[in-house]
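Now, the feature entries from Swiss-Prot:
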type	residues	note
ACT_SITE	Glu186	active site, proton acceptor
BINDING	Asp49, Ser50, Asp88, Lys118	3-methyl-2-oxobutanoate binding site
BINDING	Asp49, Asp88, Glu120	Mg(2+) binding site
Amino acid sequence: MSASSQKTALTAEDIRAMKGRTPIVSLTAYTTPMAQLMDEHCDFVLVGDSVGMVLHGLPSTLGVTMEMMILHGAAVARGLKRAMMVIDMPFGSYEQSPAQAFANAARLMAETGAAAVKLEGGEEMADTIRFLVKRGIPVMAHIGLTPQSINTLGGYKVQGRDDAAKPLIADARAVAEAGAFAVVLEKVPASLADQVTEIVDIPTIGIGASAGCDGQVLVVDDMLGFFGAFKPKFVKRYAELGPAAEEAIADYASEVRARRFPSAEHTFADHAPQKAPQQD
């Protein structure tokens, strides 16, 4: 199954059914035009809280608000027809209690059209995941490196090495048993990601994990090369659009200052051009 073979939007059950089959494809999106480009190629599109860093210049995801997620989620939804849309729950919107999580998840889905929410955390979030799923909200879990916990993790470090492997496996089991339809594994050793993929009965979505995961996700601006200095080890650059865009902007500025733009082909005459007479 792939997004391009579906005539209607994929659902959480469709994604779950892809476990162990054709790898699941996902990217982040924050705008309508980018979502339109992805729709034919991605199985699900993630409206990530990475939007705070990518589009708003924040130093981390911690400053992202519900309002920001709703704004960008609604924009992405307008660009999708086939791919499923999953939206991140921002920091502080779900950790306090399952009831808080339900209220905010329901709002995100109602105001954006998202088909599921994603939240970070393992065993400690299992009760919340179970609470949401029982009330009709599909949940994608996220374990390993969880960016919203960056202050307690001590940086963007690889998670699950050595003695930390068992707790991560326990996290994966807990979120699967709680009813999550998929789980993101971020920045964990490849062998551990493969082990988790074998253990749990839901799809694993890798980002800095392993090709053996059931699917992959990347931040689209990273893989398109918009940020020159920022290049994590797990990101493959499929294009270098940042330098190309800067070159185009520099050319435009040069032509404006030299009065070469706009040229005659980009301006309008005093009178509309005459239509050629029709031939009998």
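Any Cβ shown, glycine's included, is placed from N, Cα and C.
Note: the Cα of Glu120 (Mg(2+) binding site) and the Cα of Glu186 (active site, proton acceptor) are spaced 11 Å from each other. Same-chain neighbours of the Mg(2+) site beyond Asp49, Asp88, Glu120, judged by a C-beta within 8 angstroms of the site's C-beta center, are, in sequence order, Gly48, Ser50, Thr61, Val64, Met89, Pro90, Phe91, Lys118, Leu119, His142, Pro147, Gln148. Spacing of Glu186 (active site, proton acceptor) relative to Ser50 (3-methyl-2-oxobutanoate binding site) is 14 Å (Cα to Cα, whole number). Using a 10 Å Cβ-Cβ cutoff, Ser50 (3-methyl-2-oxobutanoate binding site) registers 21 neighbours.
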